[in-house]
Number of protein chains: 2
Amino acid sequence: MNVIRLEDKFAQFTDHWNPRVIGELNDQHIKIARVQGEFIWHNHAQEDELFMVVRGQLLIDFRDGTTAELNPGELLVVPRGTDHRPHCAAETWIMMIEPKSTVNTGDQTASERTRTQLEQI
Amino acid sequence: MNVIRLEDKFAQFTDHWNPRVIGELNDQHIKIARVQGEFIWHNHAQEDELFMVVRGQLLIDFRDGTTAELNPGELLVVPRGTDHRPHCAAETWIMMIEPKSTVNTGDQTASERTRTQLEQI
């Protein structure tokens, strides 16, 4: 049975905001990404999205003006349909679990930030 | 938006092999448990089960004679229908993600190890 070692997986790439698929369960993908700077506002109409921080600190803004602060050992589920904007000053390593159908830029028109063909590592 | 701090959640109970629900996404529960000693052989016919170790070390035996070793920062998806037996010598803190329908003892006849009404914390 294949143990997934997060540290080893993050060592396989260095670019930002480009999620890799590291596993799957129940029609969902387990993804990891290195992120730094600001992502765009978006939501996923049908998909709840789990965020976990592996290293660093992730901030997620919401339309009500609040910002969730996620540190290692903390997780957050962004419910479907909820606008959110992830950002962080320093490079941060995150893990996400969400349905296989989930596209990173959600309801937004495809842009240079959009990733539809994710590498499996 | 509600950040889930694992350390705080584990501080709310001390018993073993009694999973608590700490969140949900896409019809699945996010559960945590303190475990120590040996659990029973079982499988979940319809449900893939994600294991992550938060503290300690979890061993999971499989019928082919192999044993997966899970340390903090490592995860394992046990595919549906796969017999497995978790165990550990020292107390270990684990997180699991699996469909809401999942019962801890899987296909086995309900016993004193079975937990069907899980506390939400």
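Glycine is no exception: its Cβ is also placed from the backbone N, Cα and C atoms.
According to TrEMBL, the domain 'Cupin type-2' annotation covers B:37-92. Sequence annotations record features per position, and here TrEMBL assigns region 'Disordered' to B:102-121. Marked as compositional bias 'Basic and acidic residues' by TrEMBL: B:110-121.
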What is the number of residues in the compositional bias 'Basic and acidic residues' (B:110-121) that are helix, strand and coil, as DSSP sees it?
0 helix, 1 strand, 11 coil
Tally of helix, strand and coil residues over the domain 'Cupin type-2' (B:37-92) according to DSSP?
0 helix, 34 strand, 22 coil
Please work out the mean pLDDT for the residues of the domain 'Cupin type-2' (B:37-92).
96
